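Trainee: Questions regarding the structure given below will be posed in turn.
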Amino acid sequence: MRLDACQSWVRNGHRSIISSPSSSSPPCSRHPGMSRESKVFIHGNSLSLGAFFGRGLASIRVDMSGQKPSLKSGGSPQSRFQVDVVTEASSATPASTNGSKPPEESKGRPRVVGFLDFGALGSAMDIGLPPDVFHEPDTTRSDSVSLHSTGTGHTHMSDSHSNTYYMRTFGHNTIDAVPNIDFYRHTAATLGEKLIRPSLSELHDELDKEPFEDGLANGEEPSAAEEAAAALAAKEAKGGTIKFGWVKGVLIRCMLNIWGVMLFIRMTWIVGQAGIGLTIVIILMATLVTTITGLSTSAIATNGFVRGGGAYYLISRSLGPEFGGSIGLIFAFANAVAVAMYVVGFAETVVEMLNDVDALMTDELNDIRIVGTLTVILLLGISVAGMEWEAKAQIVLLVILLAAIANYFIGSFIAIESKEPKGFFGYNTAIFLENLGPDFREEETFFSMFAIFFPAATGILAGANISGDLTDPQSAIPKGTLLAIVITGITYVAVTISAGSCIVRDATGDHNDTVSDTVNCTDAACTLGYDFSICKEGGCQYGLMNDFQVMSLVSGFGPLISAGIFSATLSSALASLVSAPKVFQALCKDNIYPGLGVFAKGYGKNNEPLRGYVLTFCIGLAFILIAELNIIAPIISNFFLASYALINFSVFHASLANSPGWRPSFKYYNMWVSLAGAVLCCVVMFVINWWAALVTLLIVLALYIYVSYKKPDVNWGSSTQALIYNQALTHCINLTGVEDHVKNFRPQCLVMAGYPNSRPALLQLVNSFTKNVGLMVCAHVRTVTRRPNLKELSQEHARCQRWLNKKRIKAFYTHVFSDNLRHGAQFLMQAVGLGRLKPNTLVMGFKNNWSDGDMRDVEVYINTIHDAFDLQFGVVLLRLQDGLDISHIQGQDELLSSSEKPPVGSKEVVVSVSLGKDSESDSCPPKITTNQKCTFPGTFMGHVSKKSKTKSPLSLTDQRLLETSQQFKKKQGKGTIDVWWLFDDGGLTLLIPFLLTNGSKWGDCRIRVFIGGKINRIDHDRRAMATLLSRFRIDFSDINVLGDINTKPKKHSKLSFKELIEPYRLKEDDMEQEAAERLKAQEPWRITDNELELYKAKSNRQIRLNELLKEHSSMAKLIVMSMPLARKGTVSSALYMCWLETLSKDLPPLLLVRGNHQSVLTFYS
């Protein structure tokens, strides 16, 4: 009945739910049987319906004044909601009732869809919600009562069993979100607002579990550059930036750049030299290269959103920062120098015209400099005025250029008798046939003609270079670029055929050179009544071969051709002046080269790189003042060709890598065609100028090596990464099909180091013999009671791996959660690795503080060693007398950078110390909050005040420990590595020191070998060992045979051992048998009298070996010794630990090594 009353209350016109605070509550709010799932989700202080209905429908603001409402059964009837209905605009950012934007959205931050902003909300109990209100995946938000929007600005409640509930859009009545493009945007997206889908923990974790703290989806964290870009995107959304379509942005720019000055002043000369046929071949070859590059550019441009940066952006995001950074720098420089080339070409034309009318200001060279300087200043003004003005100027220049081209073709059909002596006769078959073949002169060749023409075909990246200013780069770049190549290619072919069909190669310009009966004339001109045979002797000034301005002669209006030359040069100069700063700005934003970040700053609503414009202007002006560009011009052409080659190679590389992320929507490409295009570009580089090609390759290589060395901290998902993955996967799979061979054995170490910075000496020593030789995994068994969430784990893992990389330790970091060290080590030994890349040696630090802690930890530690042997692992223990763990020392090399350190509150941070669990003897986890405990392997209690974090002075013990922890980091001087190879474990005890001495740090150390033997056979045993070592090809400096190992140890040594084991003896003779058995069962590490007597000889051997070690190896740099074995189930943990302690105490750094008794050395080839 109460539900019926609720529904009736809604139907009776309460469309605003409650119109005022004084209105009565709906009956359903007091329904005792109302489902727990009838929940209202609060975002900040507002109840948002955006997740219910999708974006742009309705939101409801809840006034929290008055009593806190309760959604629990039996809620107070006095509870009040103040709700106003607010219709949202269709824009991406919803408006509030007063027209202002919500706080977090006004800042351009991503909105969370489908779950709560916990930071703004506070706890659920603050507003009277049940604790589990936050999490209810895959359930409707209201089981019996739900909200929906009519689309008219009014919001209604309706029964979930009514028709309106089922008419609602799927997915908008659950926390689980439906697919949405805004989930996949970058943080710095410019075309829309980034939304965040509910995290897995939001949908999966238990209701009473604390959810993720506001993290970004998929672990993404915005970098400073992305945040700046996001702020810029928000600014652009307000200001309305100037964006260009494919015609204005790409097609016009590419055509203007390709229709260069070559069209008017060199094309006819090439036709004269190479003939119509070979000229068309040259044009088609050049067009083939540019078309393949255009197809590759289209493929890359349609494989995801393209930002500003043109060729640099395309190459860097495909091949990575190494190639992208090197090409980006030379491409920007090439564009800057190209400005000077085009401006000088324009200035030369102007100066020639001034010279014809005797109007030179000084001399030709200085006039070129003056005109060039004034021109580049004018172009800079147009560029700085903004992209809109620059685009308008380009359109004006295009109109002039088109008029000039049309003027030429119109003129070619108008044969004027006065032009015939200068070689123009109109279209004629005889002229066409004569000019069809080549007539190379002055040592010119086909390739020299190709080298001269090819720069005219470049410029296809003019549109891509301003990719950041295009409305839809993915659509505009393919259409505009390819259409420009087709149009300009047809134009060049048409001009070739036209010029070769109506102009003869040579003409005197003299009206009197007509054909006479006495002269034997066979040229095409002879059939038309003129005899130009005198030109074979040289000296003629007209015709295709002699007059660069012959197109002006042919055209209907000569000055318009000059205007076309001006238009071609100025448009190309303007395009280069715009392209260079844009590419350079994108390069600087990525911070690949330090010190260039000052040029990344943009100004105005279009983010114009004004500083880049000034730099380009200065570079261009410098080369204009030189006015001698014949040397630099070939290098510039090669710079462009190198860019084309890498764009083609990018497509081949991405296709070869077969990454799932390579999905270009432009399908008309082929990986092998792209590879052929890359090879063609390289060939053309050498055809144009071989020394310029070498210089270009050397510059690219130098920049590549520099960027590779600097290793910029960027991750763009390049095809290089994908190919490395493919190769690694292939090699791993191939390895699994090959049986292990003793010659290829290498120690692959699982190092139980905890946090990497807690035991640096252990990692550095192991790295010394595994670097470039074997696998090394830094393993961490974590026994914390509260398991961190995924975000914390991923950040912590990344910090640990970064620390290893920074210290140049070639290792992987991994961790597991377990209840103790033994179980965690079992997980790691069984699961870590991939195929043959699997650890075979367990490395641990010696448990120095074992006697001060809980003996259960010793039991765990010793059983971990037993488990390693059970799994056929070798075991290595490192003991330093001062210890290995430095995590308890303040000021040590931390995993956290200063910017990552959490703020410290005003309360004391108590760091409690527990020596009970060795598995917890690590650095403190990354975040320490107030009153949070961290377990350290030392004795340290401290507090940190809010005002300052003072470092307490280190004790002498800690100072010595810090120094010891760094002893393997530095190069070891001359000394010895003493190898006590007492038991044959397969050779691991001998292999490790050999690998150490092969490295640079231990290269000056000599190996001394100590073995056991009989006193009467010392020489024989020494010779036998020397023979074995020589067959193993292991250098050694000395072999010592110890014949007195079995001598009884000294009395004080035996007394010390007795005192050591005393606290751990069971002493079953002093108690009843039942009590002794019960105590042994409770404390299995206890040493029985029977056990002590049974292994008395072995105990004495460990005591004696320690005496011999002190006698022979007290000055060694490192001791590598066969580790004694204890039979599992027979020797107690305490006795085994006492053996290890007795054997290794008061010695230099000691490695106890025991292989798995399978040969790791062989003397067979």
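Each Cβ is built from the backbone N, Cα and C atoms, and glycine gets one as well.
Model, not experiment: these values are computed from the prediction.
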Trainee: Which stretch, out of 480-500, 858-878, is listed as transmembrane segment by TrEMBL?
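Mentor: Spelled out, TrEMBL records transmembrane segment over residues 480-500, not the other listed ranges.
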Trainee: With TrEMBL as the source, which of 367-386, 687-706 is set down as transmembrane segment?
Mentor: 367-386
Trainee: Output the single range from 250-270, 276-306, 395-416, 446-468, 639-656 maximising the number of Cβ pairs under 8 Å to the transmembrane segment (480-500).
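Mentor: Comparing 250-270, 276-306, 395-416, 446-468, 639-656: 250-270 has the most Cβ pairs near the transmembrane segment (480-500).
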Trainee: Which sequence-distant residues neighbour the transmembrane segment (668-686)? Criterion: at least 6 residues beyond either end, Cβ under 8 Å.
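Mentor: Tertiary neighbours of the transmembrane segment (668-686) are 288-289, 292-293, 295-296, 298-299, 450, 454, 638, 641-642, 644-646, 648-649, 651-652, 655-656, 692-693, 696.
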Trainee: I'd like to know the mean pLDDT over the domain 'Amino acid permease N-terminal' (159-210).
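Mentor: Averaged over the domain 'Amino acid permease N-terminal' (159-210), per-residue pLDDT gives 62.
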Trainee: Which range wins on Cβ pairs under 8 Å with the transmembrane segment (395-416): 250-270, 327-347, 367-386, 446-468, 560-580?
Mentor: 560-580
Trainee: Go through the chain and flag residues at least 6 beyond the ends of the transmembrane segment (367-386) whose CB is under 8 A from any CB in it; none is fine as an answer.
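Mentor: For the transmembrane segment (367-386), the nonlocal Cβ contacts are 242, 339-340, 343-344, 346-348, 350-351, 354, 360-361, 393, 570, 573-574, 577-578, 581, 604, 606, 608, 610, 613, 617, 620-621, 624-625, 627.
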Trainee: So which of 250-270, 276-306, 560-580, 639-656 has the most C-beta pairs under 8 Å when paired with the transmembrane segment (327-347)?
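Mentor: The stretch I would name here is 560-580.
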Trainee: With CB pairs under 8 Å as the measure, which of the listed stretches 276-306, 560-580, 639-656 comes out on top against the transmembrane segment (250-270)?
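Mentor: Comparing 276-306, 560-580, 639-656 against the transmembrane segment (250-270), the winner is 560-580.
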